[in-house]
Amino acid sequence: MHKEATIREPLVLGHKTFHQVTEDVCKPIEGKAPKTWYVLFAIAAIIGVYGVGCILYLLGTGIGTWGLNKTINWAWDITNFVWWVGIGHAGTLISAVLLLFRQKWRMAINRSAEAMTIFAVFMAGLFPLIHMGRIWVAYWVMPLPNQFGSLWPNFNSPLLWDVFAISTYLSVSLVFWYIGLIPDFATIRDRAKKPVAKKIYGMLSFGWSGRAKQWSRFEMVSLILAGLATPLVFSVHSIVSFDFATSVIPGWHTTIFPPYFVAGAVFSGFAMVQTLMLVMRKAYNLEAYIHTKHIEYMNIVIMSTGSIVGIAYITELFVSWYSGVEYEAYAFINRATGPYWWAYWAMMTCNVVSPQLMWFKKLRTSLTFTFLIAIVVNIGMWFERFVIIGTTLHRDYLPSSWSMFYPTHVDIGIFVGTIGLFFVFFLLFTRYFPVLALNEVKTILKSSGQSFKDGDAKTPAFSIEEQHLADVKMKPASKTNTAGNSVEETPALDPSLIAMVGTLGVTNAEHKDNLKELTGLGDATEKKLNEIGIYTFAQLAKIDPTADLGLLTAYLGAAGNQANLLVWKTEAEEKLKNDNK
Amino acid sequence: MGSNVVFYAMYNDDDVLKDGAKKLVAKGVKVADVFSPFPIHGLDPIIGLKETRLGIMAFIYGLTGLVLALIGMRYMMVTDWPMNIGGKPNFSFLENMLAFVPITFELTVLFAAHAMAITYFLVNKTIPGMPAENPDPRTTDDRFVMELRLSDNSKFSEKELEEMLMETGIVELDQKHIK
């Protein structure tokens, strides 16, 4: 079993039991949505609908409605595409790469980060599709037999690689996410009271029963999918960077692009995760699961990937000079000092300087500061893509064709619209889906839960109050039988049992309480308890539920099973409390 | 009567269940199944579950995707319609191969992941519309149920099994007669 040092901060705060984890995650789904949710959903939906309107207008009228021209043939469209794909990298990185590295803190955030990934990739995929102009022939990118003398797509083109990479990434992430969701849907299904909800979650959970064999397969499938998704996530953004790197445009034609893009993707993805998590943990009262430590870990990822991105920027700059290629050098001088200098320096400040502040522990554990930096990084990464795409293209080889890019309202509408649509999806997700990987969080409760760390309980799941309610239910006939039989036997007394009784405090028969007042404690059992020196409620209340119970169960037989003993202990405690009052 | 009795012993802790299963198996009892809200690590060897072969299947599916991608691209780009891209050699598969690597990789992953997921759903019998088979709704929340069948444990009587179960720290015991 997984063991963790007790000095590490617990990953789940607040002495949670298994049931509490279920409650905490399922409550927001089962209850009514707060007013804020409706307000946010309405705003996001209005923006999203506006975006869809802009897309329809674009498709009906043509790409000319964008601010593109002959020189700048890619601008906001591909900037948005790369920005969204980049954001879409954090989810799989968290759930796959961190799973392979056995990082337990991922469990609090992987579900919603993966959801974020999927929605972000939806938004990303939209841009190349509408950029095709004639979306109704989008199927031409597929290698289908056709009437043009069997003309196939060009498999040597990175743009086609993109088609395969993005669609594989989207579908595999979706499957990975859904396989993890199934057991949690089963939990909601089994709790659901309304028949419609039960039916829907029953369908969604695919009839999951939680058999040992199912879990064994579940773990294997998760591991293999993680193993497959890890190189996949690196391949996707590498291929996106090939869109630029394999061209012969100064400023794009660099071999540093794949690692630099992947680091940038992880960087922007984590920034978006932070933005969403900081709000979600508050709105859904998940502070015990996603607490400062998680935020800090993510900030460290942001800091390190931000540093990689920074090194990449500087290397790129250095190589443009060192290569001796004047076109290359000009492209970079133009980025920093040309008409788009503000975009370049916005990118440098947001992506290189701001993550360096995370070296200060005070700052990276501050939630407000983290939120601020996350927004800044999101903005900075959008500018990075704009700098790479827009400012590289706007000055062609021929000064006569130099030009500037001015976004039209359709450009802006579609970009803002995708943000709206993204939040529509994400809000629906938080409303109807378990936002925390229930089954995964429960597995770390014993190794990383606060109860374990404090050392005051071996098993946080073992709630005595619950035990109190759950009496062992059996067929009536067998109950009397087993109870009767076991009490009649008198085995030799175990010396450790006597020693244990000694620790409970010594009393004599004169101060005897009527132990029969306790539920299920019969005449015979009382006699047996008295024989070993247990006379009072005080003694029973002192029983240690972990170590001593076993001894007593062994002594008393079936009548003294753990369930009964715990009931007696709780009742004895209550009686003592009442006496003191 | 007798052979068609099923015991559902409920625990509220995974470790107690695991210890219980260990004790029972040591006595020669066969545990039919365990229902739990999350995977119990180390339980499979105790109750005699073999390791799943899904990994081998995934490898085979991945290999299928890899071979299909290579054969497909070879046919389309080299045999059927060699494309002239800046005069680069378009007649040789090997010299074109490097450009095929990304898509070959993607298709390998695509096939391995999806075919494995489909296999997983089929062997698990988790398909939309399937009825859930967990004996108690709480087993997806915080309860762990061990299923014992009398027919698997013919050397014990009903009462013996019951007594053995009672000693393993259960919180509830349910008996069902099945046909």
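From the backbone N, Cα and C atoms, a Cβ is placed for every residue, glycine too.
Features of the protein shown, as given by TrEMBL:
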type: TRANSMEM; residues: A:37-61; note: transmembrane segment
type: TRANSMEM; residues: A:81-101; note: transmembrane segment
type: TRANSMEM; residues: A:113-139; note: transmembrane segment
type: TRANSMEM; residues: A:159-181; note: transmembrane segment
type: TRANSMEM; residues: A:220-240; note: transmembrane segment
type: TRANSMEM; residues: A:260-279; note: transmembrane segment
type: TRANSMEM; residues: A:300-322; note: transmembrane segment
type: TRANSMEM; residues: A:342-360; note: transmembrane segment
type: TRANSMEM; residues: A:367-392; note: transmembrane segment
type: TRANSMEM; residues: A:412-433; note: transmembrane segment
*asked:* Three or more CB pairs closer than 8 Å, sequence separation of 6 or more: does that hold for the transmembrane segment (A:220-240) against the transmembrane segment (A:81-101)?
replied: yes
*Out of A:37-61, A:81-101, A:113-139, A:159-181, A:300-322, which stretch has the largest tally of CB pairs under 8 angstroms to the transmembrane segment (A:260-279)?*
A:81-101
*Hey, would you say the transmembrane segment (A:113-139) packs against the transmembrane segment (A:300-322), going by three or more CB pairs under 8 A that are 6+ residues apart?*
no
*Determine which recorded stretch among A:81-101, A:159-181, A:367-392 has the most C-beta pairs below 8 angstroms with the transmembrane segment (A:300-322).*
A:367-392
_Please tell me whether the transmembrane segment (A:159-181) and the transmembrane segment (A:367-392) touch - that is, whether there are at least 3 C-beta pairs under 8 Å between them, with each pair 6 or more apart in sequence._
no
